[in-house]
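Asker: One structure follows; several queries about it will come next.
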Amino acid sequence: MLILGIDPGTAIMGYGLIEKKGNRLFPVDYACWRTPAHTPMPERLLMLYHEIEAYIKEKQPHHVAVEELFFNRNTTTAISVGQARGVVLLAAAQCGLPVYEYTPLQVKQAVAGYGRADKQQIQQMVRALLGLQEIPKPDDTADALAIAICHAHSVNLLNRMGGAL
């Protein structure tokens, strides 16, 4: 099963594609999409949409996992992340893919086993769980891989409980 994890953002959107074979996870591809800083927001969102849609069509993941929007003190940041999430949801829906959403707490618990794990602990666990030599950079990429790992663990749990994905 191929799982595409996405860490939404309008300037930098991290993505990580992992393959789940049995109980093992393998990194397939990870990087980020970037948009030019002074480009109007509608154009940035359109650029991201085209990148995501093309990537999904090329790589053919089975599931898309994305981080849920959480309360942010910076309203402008929260709005732009929400817009980026909308683009992810739209692109996945247009390609007929199911989208699974996880809170930052769920991602931390799934990856590090502790909901208050810091960014460095999560990055180290992503590196270890995927057998990578180095921590993926930038942080958005490591976050996207963590989201994909979280979904892979959720698939295991749902399968054990008899739920279908």
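In case you wondered, yes, glycine gets a Cβ from its N, Cα and C as well.
From Swiss-Prot, here are the annotated features:
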ACT_SITE  ASP7  active site
BINDING   ASP7, ASP140  Mg(2+) 1 binding site
ACT_SITE  GLU67  active site
BINDING   GLU67  Mg(2+) 2 binding site
ACT_SITE  ASP140  active site
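Help me picture these features in the structure, burial and contacts included.
Answerer: DSSP classifies ASP7 (active site) as strand under the three-state reduction. Taking the Cβ of ASP7 (active site) as centre and 10 Å as the limit, one finds 27 other Cβ atoms among all the protein chains shown.
Cβ neighbour count for ASP140 (Mg(2+) 1 binding site): 24 (other Cβ atoms within 10 Å of its Cβ, all protein chains included).
Other Cβ atoms within 10 Å of the Cβ of GLU67 (active site), summed over all protein chains shown, number 24.
According to DSSP, GLU67 (active site) is assigned to a strand segment.
In the three-state DSSP assignment, the secondary structure recorded for ASP140 (Mg(2+) 1 binding site) is helix.
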Asker: Sorry to bug you, but what's the C-alpha spacing from ASP7 (active site) to ASP140 (Mg(2+) 1 binding site), rounded to the closest Å?
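Answerer: Roughly 6 Å, rounded to the nearest whole number.
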Asker: Sorry to bug you, but what's the C-alpha spacing from GLU67 (active site) to ASP7 (active site), rounded to the closest Å?
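Answerer: Cα of ASP7 (active site) to Cα of GLU67 (active site) measures 6 Å after rounding.
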